[in-house]
Every structure is written in structure tokens, then in C-alpha cells.
Ligand code: ADP
Ligand code: AMP
């Protein structure tokens, strides 16, 4: 199964992606996670990406597209994958389409997690993430069992630098301008499915599973 997850920042893509990846045994490929790993390792890609990410802007298409194309050729992608945070522009969506067409493959669905912007600020400023394993928590909606400590790997959880109030509003504007057009892009190709992301985390997951059960 090849799935694209769409939705504004803070919609719950990363949260749902972890569960979908476990349930369907497909790798969860988050471009944000790949950039953050490169930043923490100080690679040239990380150094280039950091300036954009800290400002809430998108990393240029060429850099992002090449990075994803490379990742999709890894062995673990042969039975499918779940893309989280990619594509984010029409140029990226077209590049993915070309990549798939060259291999005689197709996307199964673009699943949009719908959350109105009134929910986003609280979700993002309350988000805490594990820098070691990538698990995502929320101080109010999804706290770890022990405050400040990752349930999965025991590392201290942190607030992302781009989850401050100022950066969140820039990221929402960027989403509306550059990423929201992908809803129409995939709808026009009859690939769009939507889920109400305002429900509780487990309810959203149940809705996603019933959609994915009928796309194959
Ligand atoms: P995205 O990957 O789309 O940016 P995340 O999955 O990181 O979003 O979720 C953003 C924040 O909202 C996290 O703190 C997460 O724990 C919380 N969250 C995710 N889904 C829900 C939900 N259905 N209800 C309440 N909070 C949620
Ligand atoms: P995320 O973890 O998905 O919230 O992404 C964090 C940041 O990484 C974004 O605000 C962008 O700066 C950058 N980023 C992630 N994915 C992409 C993408 N597909 N295209 C451009 N920039 C991206």
C-alpha cells in the first residue's frame, strides 16, 4: 500500500502514521523527521534545511524531492510506504507522480486529516517529541505516562524549536498557500480520502483503518 498523508501542521499526521505503519507493516517516511535527523547529525543537508525549518518555511523542492526519491528506492519500500509531510507543493506531487509512473506503480490514496485552524495552535504549542525515537506527545491530549519522559525509549522529550506561536502562524500560512492546493490535486485524480481529525486519537485511527480497508 502506498499512502500520502495530507493535512495542516498539527493535524495528527505523525501520530496516526506511527499506528498505520505498525498495522500495515509499511515504513513511515516523514520528511520532517529526515530533516531533523540530518540537522542533529550536522550533515550538509541538515545545515541547508535548518534555516528554512526554523523560520517555518519550506525547504526548496529540488532538495526535498531528491531526498525523497532516494529514500523510496530503499529495500523496505518494496511493499509500499506511508509518506508524512510529503508532498507539500504541487511540484513535489508531480515529481512523486513521475517517480511512480516510471516504475509502473501508483498511489493507493492521499488521506487528508481535516482539522480547522482553530485547533492547530493548541495542538502544536503543546506538542512534545522524543529526539531519539521520534514519538510525539501532547502535554494535554496525549501525555506520556511519566511527565517529560518518552514511553517508547525512556529519553527526555522536548519541544520542537518550530512549535512556538510565531513560527506556527507562519507554517499555517505556508500550508494554506503551498500545500492546500494538493487537496484539489488529488481529488481531481480520484485519489483523495478524508477523515475528521478533530476526534480523539484512537477514533481518528479507527476511521483511517476503515478507509484503508476499502482502498485496496
Ligand atoms: P503533524 O504530524 O500533523 O504535524 P502530530 O501528529 O505531531 O501532527 O500532532 C500534533 C500534536 O497534536 C501532537 O502533540 C499530538 O500528540 C496531538 N494530537 C494528534 N492527534 C490528536 C487528536 N486527534 N486529538 C488531540 N491531540 C492530537
Ligand atoms: P514536519 O515535521 O512535517 O512538521 O516538518 C517540519 C519542517 O520541515 C517544515 O516546516 C518544513 O520546513 C520542512 N519540511 C518537511 N517536509 C517538507 C517538504 N515536503 N517540503 C519542504 N519542506 C519540508
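Even glycines carry a Cβ here, placed using N, Cα and C.
Just so you know, TrEMBL annotations are computer predictions that nobody has curated.
Remember, it's a predicted structure, so these values are computed and weren't measured experimentally.
Residues or ranges marked as ATP binding site by TrEMBL: 10, 11, 12, 13, 14, 15, 127, 136, 137, 199. Cβ neighbours of residue 10 (ATP binding site) (same chain, under 8 Å, six or more residues apart in sequence): 115, 119, 120, 123, 124, 127, 168. In three-state terms derived from DSSP, residue 10 (ATP binding site) belongs to neither a helical nor a strand segment and is classed as coil.
What TrEMBL lists as AMP binding site is 31, 36, 57, 58, 59, 85, 86, 87, 88, 92, 160, 171. In this structure, residue 160 (AMP binding site) belongs to neither helix nor strand by DSSP; it is coil. Other Cβ atoms within 10 Å of the Cβ of residue 160 (AMP binding site) number 16 in total over all chains.
Residues annotated as Zn(2+) binding site in TrEMBL: 130, 133, 150, 153. The Cβ neighbour count for residue 150 (Zn(2+) binding site), using a 10 Å radius over every protein chain in view, is 23.
If you look up TrEMBL, you'll see 127-162 marked as domain 'Adenylate kinase active site lid'. Residues 10, 14-15, 18, 30, 33, 40, 53-54, 56, 168, 171, 201 of the same chain, all 6+ positions outside the domain 'Adenylate kinase active site lid' (127-162), place their C-beta atoms under 8 angstroms from a C-beta of that stretch.
Per DSSP, the secondary structure of the region 'NMP' (30-59) breaks down as 23 helix, 1 strand, 6 coil. The region 'NMP' annotation in TrEMBL covers 30-59.
What TrEMBL lists as region 'LID' is 126-163.
Note: the Cα of residue 14 (ATP binding site) and the Cα of residue 31 (AMP binding site) are spaced 11 Å from each other. In this model, the region 'LID' (126-163) carries an average pLDDT of 94. If you measure from the Cα atom of residue 150 (Zn(2+) binding site) to that of residue 137 (ATP binding site), you get 8 Å.
Across the structure, residue 59 (AMP binding site) and residue 12 (ATP binding site) are spaced 21 Å apart at their Cα atoms. Same-chain residues with CB within 8 A of the center of the 130, 133, 150, 153 CB atoms, the Zn(2+) site residues themselves not counted, are 131, 132, 134, 135, 151, 152, 154, 155, 157.
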